[in-house]
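Okay, structure first, notes after.
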């Protein structure tokens, strides 16, 4: 197939698969793998690009993905998270490696192949962790621990796998001290490359030597140059170097990365989708079926024994709660890094066997003893090569099963543990006017989580008195946007008296909650038609909250005049039209359903039968207000 047609097809299918996953609220990775397996029946990426070009591209794409993830890591989070994050990236990794290797050995793999598989599967990865966390929104500590683990352990797993591979394919055999020396050298080289590059790039940003429109592509170019340059100095040090580069840049003070992060997030979505489709296309259904019997047993061991035991041992004696340890014990999906590392090492293993055989034939006449030793070693490599080839479909089976198990089941577990909601429907209020507190009480009585954020602690006295969740923080601060615990929160309404603060806040929270879930009050500079030549540009506007849309001052006036928050269930006895006739001056604020909470807007459709409307106004005459909704 023409490479241009193949690339266009892969991109189109991967985007469609990810959209379908979002639409159905299911892990997009499952759809990507199905699409990849199906496309692979008609055309193989090896035939289109050739193996060398394909794996070179895969390595560079993985580097960009890790770099993008590292740009979101703040070292102050390590201080906040404390010992758990260090132990999760050390003790848990070591225990996982030992247990996975032992499981693979018991299932019939050669010990050296089992050690290689164990090193590969210690990784989890941001490509699968982040989408689950984005949908689940667990507590801040759990989210931080899982995110750091996914990004930091990925390059460590790749390096560990390389060390095992080098020990297995070395004619001298493996040596603990030699491998530890290689590990130390890898870290030194990676940091030696990343630190000067990071300092130079941030210095250029501070001096405004990189225009805004070039920042995204410059960062990509620097990341690619870093991984290639580091690999030229020392093989397989590039992934660690590019991860260290991202962490360094993210923690340099005075650096604005919004444009870069937005560009790289879009690029990551494209790359992850394309990589999964292409790599899955290299695996046939027959290969999956061949490893399925032992593969399913292996997955069961990973999910039920390896991950729980490694997390419990790794986090024992730390400040994490029992519920947090249980949740993290059942959250370790594998992703693109595991798939790409396995495919690369399978190819390199067969090439290593051929290289050693050529060496044996070359020295056989001059040094028969060494030639025979090399030939015997070649036979051992050839025997292991068949098992290594089986690792590719086995790892893909692990990816499919772990993503399905964790992606589909983690929500209910988190909800039972009280660490997240399977279907978040809570509302965050930025600001704390009295009428918003009254509305939040009505939402709480309907079983909807609420949260108030405002800068001054004394502004939250009324919120605390009402028994509502609150946090004293500037909702435009870096802490509030990036680190605040948004567990259970699905939407945000900016209700401060400052229109500009509300607008800026809406832009900041779009990344965390999504553009369609961020709302603000009607601005004072808007005309009746919602537009004004003196108004704020549309890019800085949130969706307008409430129906009808009113300004902050008007809502305050109505509250002082006696309007209060009430709720009414729409149904046969109280239609939306009748409700509007009975209380024409009311302001519809929220529409509550058993599985969601919608912020009312001027353009919203009429509520359906069974919906409960929270409104600001007079109580309905001769109507009994409805009680709490029950979850379905």
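Any Cβ shown, glycine's included, is placed from N, Cα and C.
Listed in TrEMBL:
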DOMAIN    11-414  domain 'Cation/H+ exchanger transmembrane'
TRANSMEM  6-22  transmembrane segment
TRANSMEM  27-43  transmembrane segment
TRANSMEM  55-73  transmembrane segment
TRANSMEM  85-107  transmembrane segment
TRANSMEM  113-133  transmembrane segment
TRANSMEM  145-168  transmembrane segment
TRANSMEM  180-201  transmembrane segment
TRANSMEM  213-233  transmembrane segment
TRANSMEM  267-285  transmembrane segment
TRANSMEM  291-310  transmembrane segment
TRANSMEM  331-349  transmembrane segment
TRANSMEM  391-409  transmembrane segment
May I ask you to check whether the transmembrane segment (145-168) and the transmembrane segment (85-107) make contact, with contact taken as at least three Cβ pairs under 8 Å and only pairs 6 or more apart in sequence counted?
yes
Short question: most Cβ pairs under 8 Å with the transmembrane segment (391-409), which of 27-43, 213-233, 291-310, 331-349?
331-349
Residues sitting near the transmembrane segment (291-310): Cβ under 8 Å, six or more positions beyond its termini, same chain?
91-93, 95-96, 99-100, 103-104, 107-108, 121, 329-332, 390, 393-394, 397-398, 401-402, 405
So, do the transmembrane segment (27-43) and the transmembrane segment (267-285) meet, by the test of 3 or more Cβ pairs under 8 Å (sequence gap 6 or more)?
yes
Range from 6-22, 85-107, 113-133, 267-285 with most C-beta pairs under 8 A to the transmembrane segment (331-349):
113-133
Residues of the parent chain within Cβ reach of the transmembrane segment (213-233), under 8 Å, 6 or more residues beyond its termini:
59-60, 63-64, 67, 189-190, 193-194, 197, 201, 205, 239-242, 245-246, 259-260, 262-264, 267
